[in-house]
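K.L.:
Can you read through this structure? Questions will come right after.
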Amino acid sequence: MASSSKLVLVMCFMVSAFGIAIGNTLDQEFEITWGDGRAKILNNGDLLTLSLDKISGSGFQSKNEYLFGKIDMQLKLVSGNSAGTVTAYYLSSQGPTHDEIDFEFLGNLSGDPYTLHTNVFSQGKGNREQQFHLWFDPTADFHTYSITWNPQRIIFYVDGTPIREYKNSESMGVSYPKNQPMRIYSSLWNADDWATRGGLVKTDWSQAPFSASYRNFSANACIPSSSSSCNSNTTTSTSNSWLNEELDSTSQERLKWVQKNYMVYNYCTDSKRFPQGFPVDCVQNN
């Protein structure tokens, strides 16, 4: 095990418990935080829905905070003319120097593809955007969106296919999310001032209410708590595999396939945005 992973494992034993939230219902794992009734937990806790109308959107957050882990959730996005809407699903701490790991789904006109927007913040600094189209219709059925976050890297997955890897570049003087526990947040909201074609396409409120659905959440993660030890049932080499997870040769090929065919924006190739040279972390993350 790499030295940084050993350190994190020791930290988890000292201040946290490894938790596996597999089989828990959504009402056990999440709480609705806003929306005045527009967010609902249904089917005995197996389904969570968010809705958006002209008055308000809605959102929820996890009851637990996480410090490294493997997070999975199935989402079914707003169907039809979703232009102007954003479904955000992300990990974040709080405050001006917060850390954050983002999935954001930017709606579009009927028949045009969603844009999947990803970003990584550390110590309050983001500007590490990569955007993708998907190779399927994300509104027709549920699909699994996953984040693996460990001391070496952050990997974004869609249905088990890696779409982005962000590597720790602390050796180059770039901060990395590693000290701040983060909650999971999700919201459905109106962002027609920027979300679709830079704000040129506005939300068609005649299509409201808009709705997104969530199910089958799982988290194999380090959960800060007052516990001084970890449950022995959740500290096996299998359950902790995320701690050292990296992409094997097959996964690297799948990543290259996605980035070649479906990436539509990469901050590390935007010379107009960075005329004085690309950010230092692009050396490892381009």
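Just so it is clear, glycine is given a Cβ too, placed from its N, Cα and C backbone atoms.
Unlike curated entries, TrEMBL annotations are predicted automatically.
Reproduced below are the annotations present in TrEMBL:
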- 1-214: domain 'GH16' (DOMAIN)
- 1-23: signal peptide (SIGNAL)
- GLU100: active site, nucleophile (ACT_SITE)
- GLU104: active site, proton donor (ACT_SITE)
- ASN108: N-linked glycosylation site (CARBOHYD)
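Help me understand the surroundings of these features in the structure.
P.N.:
Per-residue pLDDT, averaged over the domain 'GH16' (1-214), rounds to 91.
In sequence order, TYR90, LEU91, SER92, SER93, ASN119, VAL120, PHE121, GLY126, PRO177, MET182 are the residues near GLU100 (active site, nucleophile), counting only same-chain partners six or more apart with C-beta under 8 A.
Sequence-distant contacts of GLU104 (active site, proton donor), defined by Cβ-Cβ distance under 8 angstroms and a gap of at least six in the same chain, are VAL86, THR87, ALA88, TYR89, TYR90, LEU116, HIS117, THR118, ASN119.
Around the Cβ of ASN108 (N-linked glycosylation site), the number of neighbouring Cβ atoms within 10 Å comes to 21.
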